[in-house]
Amino acid sequence: MTATTTAAAASTAAGSTTASPAKGLVEVRGVHKSYGTLEVLAGIDLEVRPGEVTVILGPSGSGKSTLLRVINHLEKVDRGFIAVDGDLIGYSRKGDTLSELKEKEILVQRTRIGFVFQSFNLFPHLTALENVVEAPVSAQGRDRAEVEAEGRELLARVGLADKADARPRQLSGGQQQRVAIARALAMRPRVLLFDEPTSALDPELVGEVLDVIKGLAHGGTTLVVVTHEIGFAREVADTVVFMDAGRIVEQGPPAQVLDAPRHDRTKAFLDKVL
Amino acid sequence: MSTLSLPQDESRQLVPPPGALPDPPGATTLAPATPTTASTTSTTDASTTRWEDLKVVPARHPGRWIATAGVAVLLAMVVSSLVTNPKWEWSIVAQYLTWPSVLNGLWGTIRLTAVAAVVGFGLGTVLALMRLSRSPLLQAVSSAYTWVFRSVPLILQLLLWYNLAYLYPTLSLGIPFGPGFLEFGTLDVIDKFGAAILGLGLSQAAYSSEIVRAGILSVDQGQHEAAASLGIPRSRQTLRIVLPQAMRTIVPTSVNEIIGLVKGTSVVYVLAYGELFYTIGVIYGRNQRVVPLLMVAAIWYLVITTVLTVAQYYVERHYAKGAVRTLPPTPVQRVRWTLQVAWSRVTGRPAPAHLPPAYAARAAVGRSHLLRTATSDRTTGGAA
């Protein structure tokens, strides 16, 4: 049972690389993850098409954040596979053999996947610009001067051109999150994962961050956003995924999932949130 | 009839109606005694008096004054006994303070401290990283090291290292369990200084490793995750992201340890190594001026500790960059601003415009509360 799923996942992953030079295709196959006896992900299958915006909804503890974290290999899966553009995350493939990657190689894989945290996690001892510049220089070995110029552009793009030399503690929550988005973009990722990017913000500041994310939608990078902002999902998402208890309950275009949910669980959740 | 009217008259006298008595000028802030008339009186007051004209009387603290006076008397007694008691022999203290052999001993102490601190914190950082690594063997070795070196008294360790030549007369470099290329006599490599450094440095490493480990653990897990999610290489994560933030917790305790080390070097006198304490002992052994020479040593230890404390302040300030919105003023700035405040209060001239608000407010003390900030704003505007 498990063996067939594995084989299928591997062949799909391999097939997609040869078929088209996809940019930012995320495939999740049969992923299980437990913390101790608590099963957080109970068999997830999901395909995120390149360049699209996927919004993941669901109650707390439904496994949304964990799903994002396993895509970026911040957590290791217990069972199943995840591939970005056909490359299996955490493994290298040679014929029918999968070898586990060393941490160093995982770090290289991660440079293709950006992650924006709920609590920003900016480096507090570095300025906004240094936060943006750090990884492209140290992880990708790019020229510092060139990255700095690009970093300033990115900060301008998120509306913070004048805050380049400010330290995170001197910025508001919304500004910090926008710097965090610029920092993720500086790596030129194919996939950008947002883990509840506005949950730690004052209601007033939510809009400015969502506007930045809207600006990124359909700009070439695949976006996967875990959020509770239903309005944002309705407006921007190509696909809405509803999760509960570690499973995907239903997925589809926003008009279908949000306005005509087929499952009672989705209906109950939306009734509470809306 | 008269019995009925009497109490009414009395009550009228006890509580005069508003306006019956002229308001004393200082009583405007106090609410009138009767609640029935409170609202009317206070509204008339608010409309007639300007709050800016109210005088503010600072709170008095008699207890604080008594305590201050008591401590001042005690201080005066200490100073007077230091000056008047001839047995302190301050002239001899002054004479030996810069005696060449004393300065030599001082240099010995500084050298021991510096090298032992570098060895201690270098090895300590390695031990901390081993303890936090995922290899069980590395973890166990690090824990065992800390256990052993924290358990055995420093003085015993020093004597053991000094007697290493008894256990191993020669030391050689070569392949483990294989042939050796270079051979030394143990006594040539580990002289008194070497033994002192080994003893001080290795035991310091055990303590430092715990300090560094605590610092690393104090850095938020999100920082590790953010660095990992950006693909920043592991060594760079440690050096650029984690350690600079850990330094905020590491520095205060480390300086504590280094100050302990400065004085810990005095234990090295058991090896007859020429550091400050041993040198002093040799001198007073010869001339019997025990107390003055002990004072010489005390003064030099005070000087070293003072220098380290000042250095600590600036290092802490450096690593506070990301943790506070605005850096605290340096001691020099603080002294300068306090003097400027004092000057402006004595002369009555406005305080300089660049003073931070807290100091500007102090310069304006004695004027009305409401005017205080307004005045400092005005002086700022006027000077700019």
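Just so it is clear, glycine is given a Cβ too, placed from its N, Cα and C backbone atoms.
Taken from TrEMBL, the feature compositional bias 'Pro residues' applies to B:15-25.
Taken from TrEMBL, the feature compositional bias 'Low complexity' applies to B:26-47.
Look at TrEMBL and you will find B:106-312 tagged as domain 'ABC transmembrane type-1'.
According to TrEMBL, the feature region 'Disordered' maps to B:1-47.
Residues annotated as transmembrane segment in TrEMBL: B:65-85 (among others).
Long-range contacts of the transmembrane segment (B:105-132) within the same chain, counting only residues at least 6 positions beyond its ends with a Cβ under 8 Å from a Cβ of the stretch, are 138-139, 141-143, 145-146, 193, 196-197, 200-213, 216-217, 238, 254, 257-258, 261-262, 265-266, 268, 273-280, 300, 304. Here TrEMBL flags B:105-132 (among others) as transmembrane segment.
What TrEMBL lists as transmembrane segment is B:266-284 (among others). Non-local neighbours of the transmembrane segment (B:266-284) in the same chain are 96, 99, 101-102, 104-106, 108-109, 112, 154-155, 158-159, 162, 192-193, 195-196, 199-200, 290, 293-294, 296-297, 300-301; each lies 6+ residues outside the stretch with a CB under 8 Å from one of its CB atoms.
Only residues 6 or more beyond the boundaries of the transmembrane segment (B:291-315), in the same chain, are considered here, and those with a CB under 8 A from a CB of the stretch are 87-90, 92-93, 96-97, 99, 102, 106, 109-110, 113, 251-252, 255, 258-259, 262-263, 276-277, 280, 283-284, 330-331. According to TrEMBL, the feature transmembrane segment maps to B:291-315 (among others).
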